[in-house]
Amino acid sequence: MLAIEPAKKLSFTRCISDGDLVIVYERHDNMRAVKVSEGSVLQNRFGVFKHSDWIGKPFGTKVFSNKGGFIYLLAPTPELWTLVLSHRTQILYLSDISFVIMYLEIVPGCVVLESGTGSGSLTTSLARAVAPKGHVYTFDFHEQRAASAREDFEKTGLSSLITVGVRDIQGEGFPNEFASTVDSVFLDLPQPWLAIPSAGKMLKDDGVLCSFSPCIEQVQRVCETLRENFTDIRTFEILLRAYDVREAKLEGCQDDSSVSVVALPSKKRRQRSSEGSNAQETQGSSIAMARPCAEAKGHTGYLTFARLKCFS
Ligand SMILES: C[S@@+](CC[C@H](N)C(=O)[O-])C[C@H]1O[C@@H](n2cnc3c(N)ncnc32)[C@H](O)[C@@H]1O
């Protein structure tokens, strides 16, 4: 079960049980989801880890292998699930997801329509945002993808918050039963402009739509179509830059213009300072080095938002 209610955040309230889903964390770019099973083991480059050693431990625990290597057992959240799920399609990542949820004004109790479902990366976070009483109806025309997404939502304990439908949303639009009842619509489709008239009919007055497209030509067609019934049309590209911040020696960083450096006092002086001495901390051979990570993600897509015009 993913931690969907902040008040019941798994890592604070519960210990790992047989059958739980845990995120095995080696480092920020090396994680995987594992279902805990009493008699099983996990084997990696750090050695062999017995699942039976994990049962009863709080989420977040550091556990050791037969060779003394370690991993962390994290509670599965939508944020971590997005990083470990099977990629059956391109997916949305955290920077786009968080912006989408904020800009679509999704809060507990909202009803949200989505198409396509893809790998369910966004859907998982949408479900947490609308929980416990809202609902996400997500549609994909690819039967196998829809079935795999359904299985994933079962596995993560979100199936009561999400309904997956198989439907060609560009061709048929959203089902009429949702007309004028939904708070927000999200489209990640190759030709989203075909689905916009239907999306407009589904939204409550003042509801908000978002369309994600990788190419600016798609965005232009989306905006053109939106102008008919929508207002406050805005397009964003979310560019995320991660930083590597650590202590280093000044030598070696001087010629690199991408590196910001700040002189640090020596460790001894810092210790004295934290113990209450008034010593001035101006000199030292170490620096705090901050440099953009080489792995930083570039363009993912454009997010176009628009609010349904209220005609009454
Ligand atoms: C890029 S994926 C969506 C990824 C998803 N946003 C995520 O974060 O995991 C696009 C999906 O749209 C689906 N799709 C394409 N055309 C469609 C259509 N006409 N109706 C419904 N789904 C469609 C594809 O099968 C694919 O699964």
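Using N, Cα and C of the backbone, Cβ positions are placed for all residues, glycine too.
Among the candidates Asp183, Asp188, the one that TrEMBL lists alongside Ser119, Gly120, Ser121, Leu122, Asp140, Asp168 as binding S-adenosyl-L-methionine is Asp188. Less than 8 angstroms from the CB of Asp140 (S-adenosyl-L-methionine binding site) sit Ser115, Gly116, Thr117, Gly118, Ala146, Ala149, Val164, Val166, Arg167, each of them six or more residues away in the same chain. Cβ neighbours within 10 Å of Leu122 (S-adenosyl-L-methionine binding site), excluding its own Cβ and spanning all shown chains: 27. Less than 8 angstroms from the CB of Ser121 (S-adenosyl-L-methionine binding site) sit Trp81, Thr82, Leu85, Ile91, Leu92, Tyr93, Ile97, each of them six or more residues away in the same chain. Residues Ser119, Gly120, Ser121, Leu122, Asp140, Asp168, Asp188 are the ones the record ties to S-adenosyl-L-methionine, and the longest Cα gap between any two of them is 20 Å. The least crowded of the binding-site residues Asp168, Asp188, judged by other CB atoms within 10 A of its own CB, is Asp168. Counting only same-chain residues six or more apart in sequence, the Cβ atoms lying under 8 angstroms from the Cβ of Ser119 (S-adenosyl-L-methionine binding site) belong to Leu85, Ser86, His87, Arg88, Thr89, Ile91, Arg145, Ala149.
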